[in-house]
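Peer 1: Sharing a structure, written as structure tokens. Questions coming.
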Amino acid sequence: MDHVESVRIEDEPLLLTPGPVTLSARVKRAMLRDLASGEPAMQETIAWSRRYLLGLCNAQGTHTAIPLVGSGTSGTEAVIGTFVPANGKLLIHTNGVYGDRLVEIARRIRTPYTSFRTAPYTPPTPEQFEAAIAADPGITHVMLVHCETSTGILNPIEPIAAVCRRLGKGLLIDAVASFGAFRLDARTLSFDAVICSANKGLQAPPGLAWIVAKKSALEEAKGNAHSLTLDLWDQNQHLDRTGMFRFTPATHLLLAFAEALREHEEEGGIEGRHARYHRSWRRLVDGMRQMGFRTLLEDAVASPIVATFHEPLDPGYSFKALYEGMKRRGFIIFPGRLAAANTFRIACIGVVTEADIGRALEALAETMGEMGVVGMGRG
Ligand SMILES: *Cc1c(COP(=O)(O)O)cnc(C)c1O
């Protein structure tokens, strides 16, 4: 039997949403301890998690892993506020809802920035980044989303990182959706910061963001931060000195996070997790196409995190009825945050197997039948 299937609690609906995700019983059980913040067991849990994340990025020695209490957005805000100095300028690329959120953060915290947008269903090119940088000599940092969760598109990080490296710009990557299932190698990408959160591909409870930050860039960023709680330089120096958070650590979440990392390791690390997500995604996309649905993205640019489908044109269709029908059959699909009109999304992350996706496809066919929808997505 599939490892992940054997540890799930079966009586709750399965989350086919891109965060929070369904967790294993083992990760949830890891929270059943009350540890004081100064306890060696807590310090060791944090230290081990920091080392594991650095290992995933091949970043030992050059980088540091910094946990923060908050959702993924706290992590992106902390990175923008900490890394871009008042006399610097951030170039933000967006092709979806999460790229737009980076722009919104920069605007709200008054970080000097400029941004450019590309279509939600085609990846940006390194030439577009090069042109945007050439157009504004004040740019010091470049930020983009790796997997743009509002469509599932995978933005090509390697060639864009090569441009940043050649032109001497700091690279900040929102890898909240992709971290854990894709390799982001610090040696080849030479990023200043990668943001991830607990509750997506790392399959831990929501409430923690983690940043893998280049030590030299972080040292230069001392004193930049717009906020006390989101000051990554300060959080990092305190962790290095004391092994603990500056303020109350999310002790239960940190215990579950470390357990989720052990699970990640046992599944075969990034390769193992990517392979399972990819099997689920393949089954989903093939099964949906067999029913007549069309995907928003070409397979070549899609990631196995989440798939976006055009809604049926049939007048019997409504998203609300689809959502309710799926929920009654034990599956939660995602109701919002879309980059393209008249689409819906189904995610493949969390403790979900190809067999679960097979059952979700049956549930979807039944629900469509209930609505009287025929000829899905054609026309
Ligand atoms: C989920 C996500 C975020 C952060 O969202 P939160 O709701 O704050 O956890 C940021 N970027 C991407 C690409 C995401 O998928």
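Heads up, the Cβ atoms here are built off N, Cα and C, so glycines get one too.
Pulled from TrEMBL, these are the listed features:
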type    : residues : note
BINDING : Arg345   : substrate binding site
DOMAIN  : 121-300  : domain 'Aminotransferase class V'
MOD_RES : Lys200   : N6-(pyridoxal phosphate)lysine
Peer 1: Distance between Arg345 (substrate binding site) and Lys200 (N6-(pyridoxal phosphate)lysine) at the Cα atoms, whole Å?
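Peer 2: Approximately 15 Å lies between the Cα of Arg345 (substrate binding site) and that of Lys200 (N6-(pyridoxal phosphate)lysine).
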Peer 1: Could you check the recorded positions Lys200, Arg345 and say which one's CB has the fewest neighbouring CB atoms inside 10 Å?
Peer 2: Arg345
Peer 1: Which whole-number mean pLDDT does the model give the domain 'Aminotransferase class V' (121-300)?
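Peer 2: For the domain 'Aminotransferase class V' (121-300), the model's average pLDDT rounds to 97.
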